[in-house]
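Report on the structure given below.
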Amino acid sequence: MNLDTLDRPVKAVVLRPISVRRRIKNNVATMFFFTSFLIALVPLVWLLSVVVARGFYAVTRFDWWTHSLRGVMPEEFAGGVYHALYGSLVQAVVAAIMAVPLGSMTAVYLVEYGSGPFVRVTTFMVDVLAGVPSIVAALFIFCLWIATLGFQQSAFAVSLALVLLMLPVVVRSTEEILRLVPDELREACYALGIPKWKTIVRIVFPIATPGIISGVLLSIARVIGETAPVLVLVGYSRSINFDIFDGNMASLPLLIYTELTNPEYAGFLRVWGAALTLIILVAGINLFGAAFRFLATRRCSGCR
């Protein structure tokens, strides 16, 4: 090969300019998608602005986070949502304690062990459960736990209903994360003679843990604002109740529903303050899950 040919600069190739018709189509499509984005964004911004404007005064009071409504008259704007915030967190955490092991083990079976028609049936049932309304889950727990077994209305009954709502989210998120673990790692363990169960416990689960925890936090954020279970399965209390198996227990959705019937201006402030508190709580859980996933992924990348 002649070296002069290699040293010779490459001639610029003049591409055919984009036609006016294609430019118009591209601009129209861009404007269409941008307009759709704005249409979807306007209700969200409107909702947040209204809730923040009407609930900001309530949440900026120190008593709002440290006191309950025990002894507070309906027309008196005093006390706070400490009891309702505690109830929402306890009900969601108890539900997560039951739903996470069951959902994670179900996902492990579907990914690592399952095959045949039983897996398809299980997957179909998980999809059906994901579409079940919260009121149906609440009525099922009411019929089983209260009407049939004879237990009283309590926060634990609410947690049982929340388990039904959390399970499909935990199963699906864990299943997707487990499928992202490279099969080469499993095959390397099998080649070394490591049993399958030990491969799952020692290799697959540690790698998938950040994603699983993020999915769990998303499922908690998904159910912590559900209203139907608390309306059906537990009564409202203006003071804090530490017993999840007996007595009424307040929660943020139940407080909002109860204070809606209060005609006083104090009830108006409590409704919007509780709504803003619930938004802050859900946003905080989502941000914590995103930050945890980012830090865990960054640490794993640095270890390579």
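Numbers run from 1 along the shown chain.
From the backbone N, Cα and C atoms, a Cβ is placed for every residue, glycine too.
Within the chain, the transmembrane segment (32-52) has long-range Cβ neighbours (under 8 A, six or more residues past its boundaries) at 272, 275-276, 279. Marked as transmembrane segment by Swiss-Prot: 32-52 (among others).
Residues annotated as domain 'ABC transmembrane type-1' in Swiss-Prot: 85-289.
What Swiss-Prot records for 92-112 (among others) is transmembrane segment, and it gives sequence analysis as the kind of evidence. Under 8 Å from some Cβ of the transmembrane segment (92-112) lie the Cβ atoms of residues 119, 122-123, 126, 155-156, 158-160, 162-163, 166-172, 174-175, 178-179, 196, 200, 204, 212, 216, 219-220, 223-224, 244, all in the same chain and six or more residues away from its ends.
Long-range Cβ contacts of the transmembrane segment (128-148) within its own chain (Cβ-Cβ under 8 Å, at least 6 residues beyond either end) map to 157, 160-162, 164-165, 167-169, 172, 226-229, 231-233. Annotation source Swiss-Prot lists transmembrane segment at 128-148 (among others), citing sequence analysis.
Taken from Swiss-Prot, the feature transmembrane segment applies to 151-171 (among others), supported by sequence analysis.
Positions annotated as transmembrane segment by Swiss-Prot: 200-220 (among others). For the transmembrane segment (200-220), same-chain residues at least 6 beyond its ends with a Cβ under 8 Å from one of its own Cβ atoms are 92-93, 95-96, 99-100, 104, 108, 112, 166, 169-170, 172-174, 176-178, 180-181, 185-186, 189, 194, 285-286, 288-290, 292-293, 296-297, 300.
Among the features that Swiss-Prot reports, transmembrane segment is placed at 272-292 (among others). Within the chain carrying the transmembrane segment (272-292), a Cβ under 8 angstroms from the stretch's Cβ atoms is held by residues 48, 51-52, 54-59, 64, 81, 84-85, 88, 210, 213-214, 217-218, 220-221, 224-225, 252-253, 255-256, 259, all 6 or more beyond its ends.
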